[in-house]
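Enquirer: I have a structure I would like to understand better, so I am pasting it below and will then ask my questions one at a time.
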Amino acid sequence: MNWILLTIITCSFGFFKNLRPSEAYLTSYLTGPWKNLTVEQVDNEIYPWWTYSFLLWLIPVFLLTDYFRYKPIIIVDALAYISTWALLLWAQGVRSMKLMQVVYGLSTAGEVAYYSYLFCIVPHHYYQKIASLTRGISLFASFIAYLIGQLVISFGVMDYFDLNIFSFVSVCIAFIIALFIPRPSHSNIFHRFANDSDIPRTEEDLDSHNSIAQGNKDNHDSQGGSGNCFLGINEDAVEQSVGTNTSTEQDQPGNIQIEENKDKIQRVGFTDVENVNGWKQLYLNGLRFMWTEIREIYSTKVVMIWSVWWALASCGNFQVGNYIQNLWKVISPQHKSMKIYNGAVDAAATLLGNLNIQCQSFYFVYN
C-alpha cells in the first residue's frame, strides 16, 4: 500500500481518537447532576488513578506494541477509549470512576502504538514529516474538539452529557478506522530487518518478499550454501569481507572498522526475522537487542540530558492537565458565573502547541 494512503488512514485514526470535546469539562460533568460527586472526591480519590495506572501500563504496552507489531495494540487502544466513555456515560459511583481512570490510563499508554506505527511503515527519509503529521493531527483534533465544546456550551446547544456522547461516537469511529490499518511486517525491536531498503512495509508485502526469499534460499541450498541469518544479509560475503580486511590490515594496531562491522553483525543477529525458534527466544533476543541499544544511546551526554528534561516536562504537563479543571472550579465557581471557558483555554493551548511543532518541523526539514 502506498505510504501516503497509509499515512492518511493512520492520521484519520489519530484525528477521531482525539476529537473529544467533553474532556475540557470533565470535572464539571463529574460534579454535576449526572454523577453527583464532590470536588474533593474527584481530586483526591479519582484523578490520581489515571496518573499511576498510566505509569504501570506504559512499560508492558510499549513491549507488547513492538512484539505484536502495532495494529493489535492500536485496536486495544481504541477499545480502551470506548470503554472509558462508556463508563463515563452509564456507570455511577466513585469505584466506577476509578475504574474509568484505570482504563483511561491504558488508552493513553497505548498512544505509543499510534505515534510509532508509521515509523515502521514509511522509509527513513520521511521520518521528520511523519513525526510532524502524527503529533500535529492529534493537536489539531484536540483544538477542534475544544473549540466545538466551548461554542456549544456557550450557546447552550449541548450540555456536558451530550458532549460525552459526542466523544463516545468519535472514539467509536476511531475504532472502525483502526480495523483497516494494515499490520506492519516488522517492528523496531522484536521483528527487525537489516536495511531500510529491504523492509517489506506490510504483511502483504512480506508474503511476496518471503516467496522471493524462499526461492533464493532453495537455490542457495542446492549449491551447498547455508541460509542467511537475516533477510538482506549474505553471511558468506560478510565473512569473506571481514577475513579480507583482517588479512590485509592485521599488522595495523586497533582495526576500528573491523570491530564496528563485527558489532553491527552481532547486533543485527539478535533479532532474526526468519530463524528464531519460538516466541520465547524471539522475546529474549529482542530484549537483548534493546539493552544494547539503550547502553549505546544513553552513553551520549546530550541524549541523556534531553531525555531527563523531556521526562520532567511531560510529568509536569500531565499533572497540570490532570488537576487544572479542579483549580478553575475553585477560582471561578460555576454557581457564581454561568460562563465557563475551559474549552477556549484548552483550544488556545493546543493551537499554540501545534503551531510550535509545525514551525520546528519546517525549520528542520528546510535547514
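Note: Cβ is positioned from N, Cα and C throughout, glycine not excepted.
So TrEMBL has the following annotated:
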- 48-65: transmembrane segment (TRANSMEM)
- 72-91: transmembrane segment (TRANSMEM)
- 103-124: transmembrane segment (TRANSMEM)
- 136-157: transmembrane segment (TRANSMEM)
- 163-182: transmembrane segment (TRANSMEM)
- 203-222: region 'Disordered' (REGION)
Enquirer: Looking at 48-65, 72-91, 103-124, 136-157, which one has the highest count of Cβ pairs under 8 angstroms to the transmembrane segment (163-182)?
Expert: 72-91
Enquirer: When you scan the chain for residues with a C-beta under 8 Å from the transmembrane segment (103-124), skipping those not six or more beyond its ends, what do you find?
Expert: 3, 6-7, 10, 13-14, 17, 49-58, 61-62, 65, 69-71, 73-74, 76-77, 80-81, 83-84, 87, 130, 133-135, 181-182, 184, 186-188, 196, 201-202
Enquirer: Are there residues at least six beyond either end of the transmembrane segment (72-91) with Cβ under 8 Å to its Cβ atoms? List them, or say none.
Expert: 13, 17, 20, 22, 29, 61, 64-65, 97, 99-100, 103-104, 106-107, 110-111, 113-114, 117, 161, 164-165, 167-168, 171-172, 174-175, 178-179, 181, 183
